[in-house]
């Protein structure tokens with residue numbers, strides 16, 4: 001029975017339905033129903049939450065799988081407004097709703113600044129939360145020794161960072177990347193690229209920087225993804241020992257991979273990277289192990305049992321906002337996440353999957369709050385999909401954001417007021433204002449003849465492309481500098497509590513899985529077991545080589 005606007009209680013053995021979800025049933029023999037207006041409602045509600053927490057036991061086994069969800073630009077205000085939006089789409093008031101990951105047992109906050117900036121961008125933060133090293137503004141996969149546009153500095157080995165993708169593959173894990181942005185955009189490129197400028201996504205973009213630095217020493221981000229480790233599938237030496245790596249790449253950004261003289265209308269001038277990817281996979285693994293796709297139907301038709309390498313590029317640039325997408329052509333973030341997990345979970349040593357809801361950020365930059373909240377709800381659905389497909393005993397799921405935005409929620413709207421509409425109050429100029437607004441952003445709001453504010457009572461705020469009011473006029477709205485939330489469930493999730501530097505996130509995930517620089521810290525997973533991967537299962541290249549040599553010796557002895 002699905003009664004989304006009701007609350008169901010069992011009282012004196014009888015099922016009773018109340019017309020409001022804002023009711024609480026005590027669990028006493030003669031259960032009494034309390035409404036929000038009753039003081040005991042809040043006491044009983046709080047006691048129930050405490051009881052839930054008391055029952056939770058910290059999990060300390062090895063995290064066989066790690067899934068990191070990144071809501072790009074998902075500030076605390078975005079979370080609050082999105083949960084209200086979610087409830088109101090389902091005809092409820094929304095304030096007491098939860099996004100899927102807000103139910104995770106452990107919550108913390110991370111500091112998002114770059115080494116050289118108080119307010120960060122998505123490049124330096126990606127370096128922090130994927131490699132464990134804080135970096136400079138707009139640089140990817142490099143230490144802070146490298147400044148923006150320093151191509152020669154970016155190719156020096158000591159300045160390059162390793163990501164959790166590298167750490168995971170070194171232990172024989174499969175790796176996946178899912179995003180609603182270009183797969184070469186700042187956030188996903190933190191998994192695999194080293195670039196002194198996040199904008200060097202194709203060779204054409206790199207060439208534009210020839211007057212700034214010696215670009216001949218560098219490779220663009222797309223080329224690094226397809227032709228370099230870890231994107232190319234990492235260590236050939238492992239493949240020689242019949243150890244198969246699985247790699248999934250799903251998102252937008254076709255133009256960065258195709259030549260500019262093809263029907264794909266790409267931007268490249270040097271080579272067709274998709275053709276290279278296809279030929280490489282066929283040559284090394286056979287024609288039936290890989291697939292390149294460009295639409296939803298092709299994605300849904302992928303047979304995970306037969307596919308080890310999957311490359312999906314669904315748009316020329318970023319994917320379309322969910323509210324504007326053709327549902328028959330563009331897969332949802334949930335569908336991409338589901339397919340990625342189905343492919344990756346075949347790996348007996350587990351996997352690392354990075355999933356980005358990247359269009360939350362894109363909508364905020366345009367001050368299109370409705371689109372930002374809708375993208376956040378879609379992101380929440382993808383997280384729930386991952387929760388439904390995995391076990392809390394062997395899979396660590398971490399949900400966070402790279403940085404904040406300047407959207408604020410203000411005024412004194414009544415409970416249940418449309419969070420995306422007018423607040424119900426007026427300013428000192430006797431004009432209404434919206435509950436949501438921005439500190440800065442594109443100046444396209446109309447004003448009256450006296451240069452006053454626009455009368456928003458005459459504006460359709462239900463239009464997805466309505467741009468919300470802002471204080472400081474800029475070309476685009478900027479990021480915010482406040483801390484962002486971190487939610488975690490699974491093995492060692494309790495370590496994500498508290499307030500910490502953003503670079504601690506990948507090191508902690510690696511610790512839980514036994515990979516990376518923090519893998520062997522005292523008191524870690526090596527001292528425990530889990531329902532998933534045992535500490536002896538994830539083999540190093542040396543272990544694999546030893547096993548192969550021993551097997552060869554046994555075979556030779558039997559044959560003799």
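Placed from the backbone N, Cα and C atoms, the Cβ positions cover glycine too.
As annotated by TrEMBL, Zn(2+) binding site applies to 72, 361, 365, 402, 403, 479. Sequence annotations record features per position, and here TrEMBL assigns Mg(2+) binding site to 72, 185, 187, 356. Residues or ranges marked as active site, phosphoserine intermediate in TrEMBL: 122.
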Across all the protein chains here, work out how many other Cβ atoms are within 10 Å of the Cβ of residue 365 (Zn(2+) binding site).
19
Rounded Cα separation (Å) that holds between residue 187 (Mg(2+) binding site) and residue 365 (Zn(2+) binding site):
16
Does anything in the same chain, at least 6 positions from residue 361 (Zn(2+) binding site), have a Cβ under 8 Å from its Cβ, and if so what?
72, 73, 122, 405
Any further residue of that chain within 8 Å (Cβ to the Cβ centroid of 72, 361, 365, 402, 403, 479) of the recorded Zn(2+) site:
73, 121, 122, 360, 364, 401, 404, 405
Distance between residue 356 (Mg(2+) binding site) and residue 402 (Zn(2+) binding site) at the Cα atoms, whole Å?
10
Measuring Cα to Cα, how many Å separate residue 403 (Zn(2+) binding site) from residue 185 (Mg(2+) binding site)?
15
Please work out the number of neighbouring Cβ atoms within 10 Å of the Cβ of the residue listed as 'active site, phosphoserine intermediate', leaving out its own Cβ.
26
